Each structure stands twice: as C-alpha cells, then as structure tokens.
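Copied over from TrEMBL:
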REPEAT    88-130  repeat 'ARM'
REPEAT    129-171  repeat 'ARM'
REPEAT    170-212  repeat 'ARM'
REPEAT    211-248  repeat 'ARM'
REPEAT    254-296  repeat 'ARM'
REPEAT    295-337  repeat 'ARM'
REPEAT    336-379  repeat 'ARM'
REGION    527-557  region 'Disordered'
COMPBIAS  529-540  compositional bias 'Low complexity'
COMPBIAS  547-556  compositional bias 'Polar residues'
Amino acid sequence: MGVVSSCCESCFRSRRSTYEPLLLENEREAVADLLQYLENRTTTDFFRDSPLAALTTLSFSDNVDLQRSAALAFAEITEKEVRPVGRDTLDPILFLLSSHDTEVQRAASAALGNLAVNTDNKLLIVKLGGLEPLIRQMLSPNVEVQCNAVGCVTNLATHDDNKTKIAKSGALVPLTRLARSKDMRVQRNATGALLNMTHSDENRQQLVNAGAIPVLVSLLNSPDTDVQYYCTTALSNIAVDAHNRKKLAQTEPKLVSSLVQLMDSPSLKVQCQAALALRNLASDEKYQLEIVKADGLTSLLRLLQSTYLPLILSAAACVRNVSIHPQNESPIIESGFLQPLINLLSFKDNEEVQCHAISTLRNLAASSEKNKQAIVKAGAVQSIKELVLEVPMNVQSEMTACIAVLALSDELKGQLLEMGICEVLIPLTNSPSSEVQGNSAAALGNLSSKDGRTTTDDYSAFNDVWDKPDGGMHRYLYRFLTSSDATFQHIAVWTIVQLLESGDPQLISNIRSSSILIPNIRQLAETRTSTPTSSLGGTPHSHHSQSHSYADTETGNGHGEIQMLARRILDFTDSEGVMTPSALASQIQASSFSQRDESVSGRDHDELRKSVREAFASGSSVGH
C-alpha cells in the first residue's frame, strides 16, 4: 500500500513561524518537544511516553496545521517501524482520520494502513471503530485519500475475524465502485480488498449482492498483472459456490474465454489462478463443456507439462473436473493428454498431482471401450503396477479404482491378468484403508467376471496367485468372508461365484478343498447376517467418487443376496455339478464399477488453494 512520505522535520520548522503566536501553551511545548524528538529520531520511541504525548496533543488540536504535522509525523514514523500498538497510539490517528482536511486524511489513512500490517493492530483498529471513517475516506473525491483508505481496508481484511465486520460495515459497495477507478493504485488496492473478502460463504454472497461479479470479470482484461491476479483469484473463490456458478453462467458469457486467455499470461501466478478458476467452474457440466469448446485444453496441456509445481497442480485439478463429462473424454485423449497424465503418476513431489492425474485417467476410461484400450496401450496399467504399492494411501485408492474401471472391459481382462496386476491388488486388499481394500477387491472381482464366457478363457492367472503374495486370493477371500462389513462379505461371495463359473478345474478344486473358505461360506448361507454395511456407501468406492464402484446389488436386500450367493456356492461345491452362466444369470447382477469422479469444490477448494500457496512458497519467487 502506498504511504505518505514527508520531510517531517523541515516541514514542521517552516510552518512553526506561521502559527506559533496562535498556539496554546501545551501545543507550543508539544511542537518544541516533537522537533527535538525528530532530530533524534533514530533513538526515539514515538509509540510511548513523551514523544507519543506530543503527537497526541498536536493531533487533538483545533489548529489544522498542527493536525497536518501530526498526521505526517505518524505516516513517516509508521512507514519505518511497525509494531503492535495500543489505544493510546490509535486514538489520535483515528481522530485525525475524521478530519475534513484532505492532507490530514491522506497522511492519517497512510499511517493507519502501515500499522494495519501488524496482526494485533488489525483487530484493534476495527474494535476501536476504524471502519466507519475509512469508509468515508473511500468516498472522498481525492484519489490519494481513496488509495490510502482502500489500502488500509485491504490490510484489515486479511484477518479472518475482520472479514465479516467489514462485509457488514457497508464497505463492499464503495470497494466495488473503486475497483473501476482510473487510478491504478486505487484499482489494485480495491481489487485486493475484494479478494480478501472472498474466503467465506457469507462474505462471498454479500460481495455478489454488492455487484462485484461484473466488475471482477471486466477487470480480467486489465493491463495490470496484479489486478488480473486479484480478480482471477476472487472469481475462483466465488465460483466455489454452486449458486454463484449459476449466476456467472447466466450473466457472464465471456468469462471462460477470458480465463482461457489468462492461462497464457506472462505471469505465472495469473496462469495458475486462471486454471484454478476454470477448475472451480468445471464443477458444473455447462462449464466442463464450455472450457473444451473455448480451446482450453491447449493451454491446460501446456501447463500440465510445465516444470513449475503450482502450474502442474492447478492444471491437473482443472483437467480432472473437465474430464468428468463423457463428451470430453475423447477430446482430451485426442489432444494428447494420456502420456503427460501417466508421467504424472510418478510425480512423487506432490500426491495431489498424482491423485488428479489418476482420477482423470479413470474418468477418461469410464464410458468408452476405445478409451479404455487407449489408456492401457499408453502404459497406464504398467505404471500403476510399478507404483501402487509405494504411493500414499489416497493415490492407492484412486489407482485401484482406475484398475477396477479398466477391468470392466472383457477385451482387456486377459491382458491385465497377463501383466500380473493381481500381484499388486491382492496385498492392497489388506490395506489400512477400507477404500483401498474395497477398490482392490472390486478390481479383482471385475477381472474374474465375464459376460460371455468361452472354453478358451484363461483363468490360470488366478491359480498363480491363489496362495501368494501375502496369502494370495485364498487369504484375501477369507478375510472378506469373515469381515464384519457386509459389503466386503458380498464382494467375496460374488467373486467366488465368478471363479467357480469359470469352469477352471484348478480354481474349482482350490475352492472346494479350502478349509477356511467353505466353513465361512456355510455360515453365511445358514445365518442371516445383521452386520452393518460398509461406510463406503454400500459398495467400495474411491476418493471423491459419486457412483458405485463394484455392484449396485448391495442395497436393501443385500444381506439376503449374500445368503443366496453363499447357498449357490455350496450347491455347487457340495455336488459334482457344473456352475453355468445361465444358471446364475437370474440371481446376480453383473459388476458395475463404471465409476466416474465427481467435481471438487468447497472444502477441497480450500485444500487445493493451500497446496498451490505452499507450492508457490517453496522454491519460487512468485508471490501470492
């Protein structure tokens, strides 16, 4: 924020001869004292005792020249030193702020803005009623007064405890008006203040009501980088709320194209915030489509391949949301995103980047057989196999969910099994995370099932992992059968049915001869379980998912179906018969792990914003 600089001492001396005959005795003493203190300013503490008393006397004088001198002194002193101060310091400055003299207003608001850099002072200024005179100053016709007053409000608005008070004080309307100022300093301060007011639902709504949206959108085209940054970031925060996105969609048709252009800004921080704003807008289907239509993918691909972490993180988050819409799957793949996304799976510096990349791949695979095959061909499964046991748990959840989606393809099941994917899925069924367990088991279940079985289907991969690693399929199925989670029980009996239905003699023999599987299956068949279903919402699902990831059968009568499937297994294992697909068709539903990610906003936005801020702070000179 700009401050008033002055040669306080020389100014003081030049005026002294003019008004000295008119001074009261205490004022004359205060002038003399202050001149002496200014001569020794390097060793003088102006925030206490006699120096502060001299400034206070001049501040409360009826003589406007003395008030000007006091205000200028406060401005110069606080420019060079900022510390927590008490009421005895703030009261005279607030009194000066209410002066009708423009020069006094300008210097006093500068001093107050300087002090408002300190956290304790921010709270005390508002507590002592500083907002009311600052609002009056913002309405001043004097640009310098406007600039300093708005700058002070900007500083005050950085403290969470002040934001609501500022919003309710009537400051938002003049701030919004001043954001259109022709003076770039005023415009910067005003847009910075508006940005600081966008960090809570209530304040965002009050900003919208004050008419801030069209102002912020129009200023995206400002020639000033700081103004672009403040407005882009403010709009990104405003777009967190669904009702605000709806309003933006109805009133700002050029918003997406402006943000897409800003992703090519010379400023890295503007590029980053433009991508984050588009990411929040892409929580809605309309914007998911509009970003692609506006050629946003070209810029996003460039940012995704940057070596600069904040750009990678913001672009990955945006592409993740854009990929949710089925119509965007093919355009994203055709634009060349697959290899960069796969490369980011091993981006160990930031697990959020890994999560966004794998979630995007899962979304791209959700509804197209062609896309599933392209993803496997590009090497995604091989990368997942190499990484999944070592990555953080959140990334494991996303990776196993992606494999479960890919495993829905009858054309790919054999290829996935040949790649040895079961070798990493089985250990993960014993993960500390129930999501990772469920997703891994769902992937194994999808690999074991097939809509159109033939006698040439090869199930030897399941025999190879029957007892290893980590106890193999055998031990995993036992853990799920004996789980207190009905969802896991359901996955286990459903998968065993698929394996028996395969007709593979070795698999059938392994199941029939198991001393740990059959007794537990028999118990499930004889006892109607009353165990709770999983906290996964009825079926295993991955982080941020919105659709079922295994089967839609575990609802309402799920316990009855577990019992039915267990009895079906026993009917087969207790006899020498053959379990055929047709015999099973009327009893269970095919696996439906056609899982698509859901958009992220609200709390997730706060987390992402924090991550981007931290990314900027580490190894970067670009400020926020």
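Along the chain as shown, the residues are counted starting at 1.
From the backbone N, Cα and C atoms, a Cβ is placed for every residue, glycine too.
Under DSSP, residues within the repeat 'ARM' (129-171) fall into helix, strand and coil as 31 helix, 0 strand, 12 coil. Residue counts for the repeat 'ARM' (254-296) under DSSP (helix as H, G, I; strand as E, B; rest coil) come to 32 helix, 0 strand, 11 coil.
When the repeat 'ARM' (211-248) is classified with DSSP, helix, strand and coil residues number 31 helix, 0 strand, 7 coil.
Shown for the repeat 'ARM' (336-379): DSSP residue counts in helix, strand and coil, namely 31 helix, 0 strand, 13 coil.
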